[in-house]
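Peer 1: Feature annotation from Swiss-Prot assigns divalent metal cation binding site to 109, 113, 130, 294. The annotation substrate binding site is assigned in Swiss-Prot to 130, 131, 132, 133, 134, 162, 177, 181, 266 on the grounds of sequence analysis.
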């Protein structure tokens, strides 16, 4: 019964998780929160992660009831992500692996999301909508790879939402996306915004540029409220995501859809995806914020699968890769 300790820190979340044989034993997490109207810089984010990671490690061990002797493998996020935070976490993972004399496994962040989603929901072979601050992809498993059937051709959907939040100076606590979601519930008017889908790919830079350009003028003239803009942006970008997911499901002949990534815990997105799945006679699988948002347990779970399949990351190859494609990884742990 191998137990794996996972470190995640590719963006503004830092987490340490423990997984043993399909059970999440611990999953503490911290978030680097910046003032309204601002984003998070790599150097500042890395300093935050370094300041709290050892406390999180101790918290994870205490919560799991395990000691270093009980851990069989150390997993860490190899990429993709922001360089400085990734490096900070990788250094700690390497150090712990050497101090405890444990094997090390570098995990693709995107695959961590997928494996956690499969574990928690029980989805067997879904078409995956992976939506976060750094990634937007439609993925399906085929011949030992998680194949990307569609993706953003510019910025991620979460990045679009976050940057819009800066325009209105919406709070980043607990996250700009969550606060947009709450404001959107009070929106009454649907403002027409650019809608860009190309096959199974999407583009969000145009809709962001448009809404950045018109937001203050429309608010100043009373054409709409901030809540209306949040509602309109959500409805438009989520409709784009539902469309490309349905197209991928039709292409793959899939009867399951799984939403993963930080944006995936948005209830409105889940509602729209559920409607599409219901009309297709398919099932929707999604998780809550404990497992959708970046966390250490998802890295531990993917690391657990990889460890059991014989994967090991030598110290000489234990760096990070900021641009690490989902389909670069050979998925040897699945049939």
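Even glycines carry a Cβ here, placed using N, Cα and C.
Note that the coordinates shown come from a computational prediction; the quantities given were computed from them, not determined experimentally.
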Peer 1: Please state whether DSSP places residue 294 (divalent metal cation binding site) in a helix, a strand or coil.
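Peer 2: Residue 294 (divalent metal cation binding site) sits in coil per DSSP, no helix or strand.
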Peer 1: For the recorded divalent metal cation site formed by 109, 113, 130, 294, which further same-chain residues have Cβ atoms within 8 Å of the site's Cβ center?
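Peer 2: Going along the sequence, the neighbours come out as 10, 110, 112, 114, 132, 135, 260, 261, 262, 298.
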Peer 1: Going by C-alpha distance, which of the binding-site residues 132, 177, 266 is nearest to residue 113 (divalent metal cation binding site)?
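Peer 2: That would be 132, the closest of 132, 177, 266 to residue 113 (divalent metal cation binding site).
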Peer 1: Can you give me the Cα-Cα distance between residue 294 (divalent metal cation binding site) and residue 132 (substrate binding site) in Å, rounded to a whole number?
Peer 2: 9
Peer 1: Rounded to a whole number, how many Å is the Cα of residue 134 (substrate binding site) away from the Cα of residue 109 (divalent metal cation binding site)?
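Peer 2: Taking the Cα atoms only, residue 134 (substrate binding site) lies 11 Å from residue 109 (divalent metal cation binding site).
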Peer 1: Do any residues at least six apart in sequence from residue 132 (substrate binding site), in the same chain, have a Cβ closer than 8 Å to its Cβ, and if so which, in order?
Peer 2: 113, 156, 157, 158, 261, 262, 263, 264, 294
Peer 1: Could you tell me which of these binding-site residues, 113, 130, 134, 177, 294, has the fewest other Cβ atoms within 10 Å of its Cβ?
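Peer 2: 134, out of the binding-site residues 113, 130, 134, 177, 294, has the fewest neighbouring Cβ atoms within 10 Å.
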Peer 1: So how many other Cβ atoms are close to residue 109 (divalent metal cation binding site), meaning within 10 Å of its Cβ?
Peer 2: 28
Peer 1: Taking the Cβ of residue 266 (substrate binding site) as the reference point, list residues of the same chain whose Cβ is under 8 angstroms away and which are at least six residues distant in sequence.
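Peer 2: Residues satisfying the criterion: 177, 181, 234, 238.
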Peer 1: If you measure every Cα to Cα pair among 130, 131, 132, 133, 134, 162, 177, 181, 266, the residues listed for substrate, what is the largest value in Å?
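Peer 2: Roughly 18 Å, rounded to the nearest whole number.
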